[in-house]
Amino acid sequence: MGPRYGGAPALLLPLLLLLQVSSGLCQEPEPCRPGFGADSYTFTVPRRHLERGRVLGRVSFEGCTGLPRTAYVSDDTRFKVGTDGVITVKRPLQLHKPEISFLVHAWDSSRRKLSTRVRLKAATHHHHHHHDAPSKTQTEVLTFPSSQHGLRRQKRDWVIPPISCPENEKGPFPKNLVQIKSNRDKEIKVFYSITGQGADAPPVGVFIIERETGWLKVTEPLDREQIAKYILYSHAVSSNGNAVEDPMEIVITVTDQNDNKPEFTQAVFQGSVTEGALPGTSVMQVTATDADDDVNTYNAAIAYSILTQDPLLPSSMMFTINKDTGVISVLTTGLDREGVPMYTLVVQAADLQGEGLTTTATAVITVTDINDNPPIFNPTTYQGRVPENKANVEIAVLKVTDADVPDTPAWRAVYTILNNNNDQFVVTTDPVTNDGILKTTKGLDFEDKQQYVLYVTVVNVTPFEVILSTSTATVTVDVEDVNEAPIFIPCPKVVSIPEDFGVGQEITSYTAEDPDTYMEQRITYRIWRDAAGWLEVNPESGAIFTRAELDREDFEHVKNSTYEALIIAIDNGSPVATGTGTLLLVLSDVNDNGPIPEPRNMDFCQKNPQPHVINIIDPDLPPNTSPFTAELTHGASVNWTIEYNDPARESLILKPKKTLELGDYKINLKLTDNQNKDQVTTLDVFVCDCEGVVNSCKRTAPYAEAGLQVPAILGILGGILALLILILLLLLFVRRRRVVKEPLLPPEDDTRDNVYYYDEEGGGEEDQDFDLSQLHRGLDARPEVTRNDVAPTLLSVPQYRPRPANPDEIGNFIDENLKAADTDPTAPPYDSLLVFDYEGSGSEAASLSSLNSSESDQDQDYDYLNEWGNRFKKLADMYGGGEDD
């Protein structure tokens, strides 16, 4: 055989193969053809109920745009197609037919629309699909894909189908799943191993493989709710450890068993429905979930049902529930909140579409109120009284009853006045009692109408759900007459007069009318406000007179040539009512003011003085103002000159004619207005020692012009102040030297039996500060008292204790000296002339012994004492009757 293929023919075969490959490589690529990968796609779904978000399948499209993604549009809004071609369910739906179809559209690079049809088929339901799968009659073997060039990665398109393993199997374990073989196991000894989740990654050891035979086994029961899919990698190596095959991916899917019952999302569901709801009205929805597989099995296909209803009124089946969605709706009519306000339902959820595991929950349905009961007045007639001219006065409280639920729109009352043409009344609703409060919105006029009859209806905030009649109440309102204030007509009253209107003249008559036509009342008038004091009013007639001169230029009281005064009118009703009227006097201008310059004080520099602008002001109105005429008078034109600054002659320019001496200058300026009203004004101008514009100017004091300097003035003032201080000190010294003389005799109105004078009528001495020097002087410096009718007896003089230095010993001092005085042998008897130790020093009055009118011992006549009054009656009795004895 070898020689047969030798030589030239043998070399020609590789050349032909090379040419064939080269020709294939040189061929131009086929043009891109846009379109879907198939004309139609069919996807099988395991159940008729499809939840939101479920993935149905995938379509492919080549748009020849070079973009990795494509925009798809489904003509069935229940499905959504993503840019990757994956079709998902947009909202929950139920397949009522075994098969449905729809179109999916896409556009190519030329904006041409292309379509494909997608069909959905429901899988056939087997009642015992949840039981364990029957044992296989033939062993399943997985073989590594063949490789022509040794070890290389397997093709991306080559996928090993997943291996199914039921959950919750009973064993025995380990249990064979599948046998893995290599195509080279007949050539060399191959050893097998696995890696991945469940093998060498947590949970470790769930799956094992026999090293030599390649049997993949499960070692324990699986739980789909924990891990639904395992991904393992099988490896084949030779005895020396070299890889014989590329690693192969093995997917183990845990098939579901119905081992979880449904669970409601809530133990108690709350819902509500209005009374009188029609059958088919949706009330609420209950939901339950199931942890089992809801894609490939019916273990999580939940069906809902109602087990019980409480109460069974008015029917035992008032509600129904959708088996698939759990929506509870009204089944029959007859819902009445006033009869049954609440229903309690026990609902059940069962998987396997109602044939499997079950659970229950409670649904509480509240029957809400509707406006099927009208508000009714009770009573229907009312009477009220209101004084006239008063707004927002409560007239009556309208009572209503309503059988609907309180504090709801079906209970809240709304009142309407049928014959309220002028909107004089309003009815508001009390938020607590629901009563209607009838009030006035504006003042009523008794003279216009004395009684009103109102018709009031009542409804609710929400309209009636059924045809109902409305309730009506009748309210009679009587208007009470009250004393109303007089009304000035017109108000305000405008009167135009000249400002030089004569004093005492009548300006106008401003009177008021009494609206109380049924009362004959007398009205008097007074001035209420007259800020300038220009007016007076006749209290009976209301005539307005001037009592002072008017002045339009009194800008404090006159605004825009108008003077405002308030006049009041007072009636004699009970109570007294007062009305106010406004009188506006428009004062026309009179040329009674001469023009004046502004400013009047100015400073000029002596050198190169800057002229000053003087504005001319006239408070009068045109034509009594500009143009003005200016003139310098009293010799002011010798040093100064003026000229007009503007054509209207409303300002002047003042400047000196020559260089002036420093000092004050008085300039007399005569200004005349357009109507020849003139006025002379003196300008005070000071010439400063400066040049050009005056920045600062020091004015010389008046005394400086008299030749007196500031130091001299201060010296004179200081001398006067020193002289005043010296005189004040002398006066204080003289007052301190003056001795206060004590009175010798008591006051004339003090009559006593002896000559002792204590200056007190009882109660003790208030002043406890004793003048101890007087006591000492009274004992040691007694005055000399001589008698000329008795020869003195020479006796020893008692020794008196000197005044102590310590004031605390004053008591002992007085007691000892008193005892010495009592034992004094020189003391005269009580019936003779007493010699007092002390009667006051420096007294200008003589001693009592000076009463003798003669130096002889002859008897004296004392009868004249009786003529001296009661003060000398005691002396007259003592001396006047001596001869009778």
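Our numbering is plain: 1 for the first residue shown, then up by one each step along the chain.
Placed from the backbone N, Cα and C atoms, the Cβ positions cover glycine too.
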Selected residue, Swiss-Prot feature N-linked glycosylation site, from candidates Asn460, Asn560, Asn572: Asn560
Swiss-Prot annotation, N-linked glycosylation site - which of Asn639, Asn852: Asn639
Alpha-carbon distance [Ser282 (O-linked glycosylation site); Thr511 (O-linked glycosylation site)] in Å: 78
Spatially closest candidate among Ser282, Asp290, Thr360, the listed recorded positions, to Thr472 (O-linked glycosylation site) (Cα to Cα): Ser282
Residue among glycosylation sites Thr360, Thr474, Asn560, Thr582, Asn639 with Cα closest to the Cα of Asp290 (Ca(2+) 3 binding site): Thr360
When distances run from the Cα of Thr582 (O-linked glycosylation site) to each of the glycosylation sites Thr287, Thr474, Asn560, Asn639, the nearest one: Asn560
Spatial separation of Thr578 (O-linked glycosylation site) from Thr474 (O-linked glycosylation site) - C-alpha basis, Å: 37
In three-state DSSP terms, the structure that Thr287 (O-linked glycosylation site) belongs to: coil
